[in-house]
Amino acid sequence: DASDAQWRNFRGNLPILTVVLGIFTLVANMLRAYFCLQAMGMSIVWLLISLTYLSYLHGAFILFVLAIASVNFLLAKVRVVQVSDIFGRRKYFSLILWTFNLSFLLCNRVYEGYSFSNLGFNNGFSAMGLPVQYMHSTTIVIMARTGNLGLIWTTSGVPSDGISASILIEIGALCSHFGIPAIVLRMISFGYDYHWADRSSRIDQKKHIQHCHICSSGKTCYLLLQERSVQNDKFSFVIYLCYLLYAPLYIAGPVISFNAFASQLDTPQKNYSLREVAWYGLRWGFSLLLMELMTHFFYYNAFAISVRLLVASPYQFPNKSFTPVLNFMWLKFFLIWRYFRFWSLISGIETPENMPRCINNCHNLESFWKNWHASFNKWLVRYMYIPLGGSQRKLLNVWVVFTFVAIWHDLEWKLLSWAWLTCIFFIPELIVKSAANTFQVESTFGEFVFRELSAVAGAVTITCLMVANLVGFVIGPSGINWLMAGFLQKEGLPTLVGIFITFYVGTK
């Protein structure tokens, strides 16, 4: 089953990616060891490597990326001069930073990338092995759609040798499935970390070291790396560009804050020994074997994206549609994210684990979103949720955060529907949890009742999660009526009850 474009492109480019990233990390580690390089030296090494890498991926489009990055750097550095002299008051820094980056992101969404036919398309097509004379007119598009992985080259005319546009799309050099959105996250992270550099940490570092099992053992956990500000000389333009373009994480992340990245350029990560990194890579290999078995024998994704889904009967729907597809998606992202994290660990940069917990062990929305793309979750908490007021405005903040997440993925109604449905289902869970925390169960009977109610609540939230993701990524908002008609009628009710009981038992 090669119907998923992200997985098809990643799998097809895996050999060349492994060779390229292997050479990059070997060269960087040898230079670090031989010349005893620190942050500035390593940033120069990785910047040169990354620019070489991106020049092949993007061609001359890299000039546009560097121009946008430079403007963001200047906006962040404006606080050196009194911001009040330029923008009125210093408190408007967040507004300026978010306005610039959201405008950049939205333009990318609205215009499906950026027209760049007049600058360097010759180099880009030549790097891909396509003779330039075959192209009539060219537009470079950075795709960040869910389900697409790569720098997509499109043509308004048909190549003169008859090569179809679909083939050109498949040939597109492997790039970030985030594309521009990933760069936006990094630019915002740099801006805030620099802006907060002279402020005290939001956590008590001494107490944290005492209670954290990683920090108490003499190592440094990611939370401390993220919250502990680096020295001012680390906020240089070279280190900033290295952070944005760092080759092992450029294609697919995981997301890492600027503070955590810059501090590990000085002192490489020590949480994973060489043996543990090797075991990490071996486990990834076994997971890849599992994916090969799944895609060769179970065609869940191909069925889910086909029109046959809409004519499936209710009792066929759970087994042939979203339940197994969600597991396929989990394993796909698990493999992609862990692959690039593996190379980052070898290079001395530890990032958060994106899939720290199996999807089938998450029985409420909060735990699901903490363990699905966990590095993005940490980014959202630090740079959106807490600045918006944190838990004091929790019920309001979830709407802002999930709306941003939907726009970050793509500007489509079905993703906005997914975000708002998730919020509608999320708010009752937050209220119930808050109420449950005020009661302390003391008797055995009380524990029994609490356990049963928790299992029922888990079954409800898993069902809601399925519905929200089904609308957002499979059937769209127009399919809600079909979904309700299928399951709220006589034929579908037994299936709905069966699904609910299965989730109840599984949660319990």
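In case you wondered, yes, glycine gets a Cβ from its N, Cα and C as well.
Because TrEMBL annotations are produced automatically, they should be read as predictions rather than curated entries.
In TrEMBL, the transmembrane segment annotation falls on 487-506 of the listed ranges 127-146, 307-326, 367-386, 487-506. For the ranges 12-28, 335-351, the feature annotated in TrEMBL as transmembrane segment maps to 12-28. The transmembrane segment annotation in TrEMBL falls on one of the ranges 32-51, 92-111, namely 92-111.
Remote same-chain partners of the transmembrane segment (394-409), defined as residues 6 or more beyond its termini with a Cβ less than 8 Å from a stretch Cβ, comprise 105-106, 109, 144-146, 181, 184-185, 376, 380, 384-385, 388, 415-416, 418-420, 422-423, 426-427, 430-431, 472.
Recorded stretches compared: 12-28, 282-302, 415-432; the one with the most Cβ pairs under 8 Å to the transmembrane segment (237-261) is 12-28.
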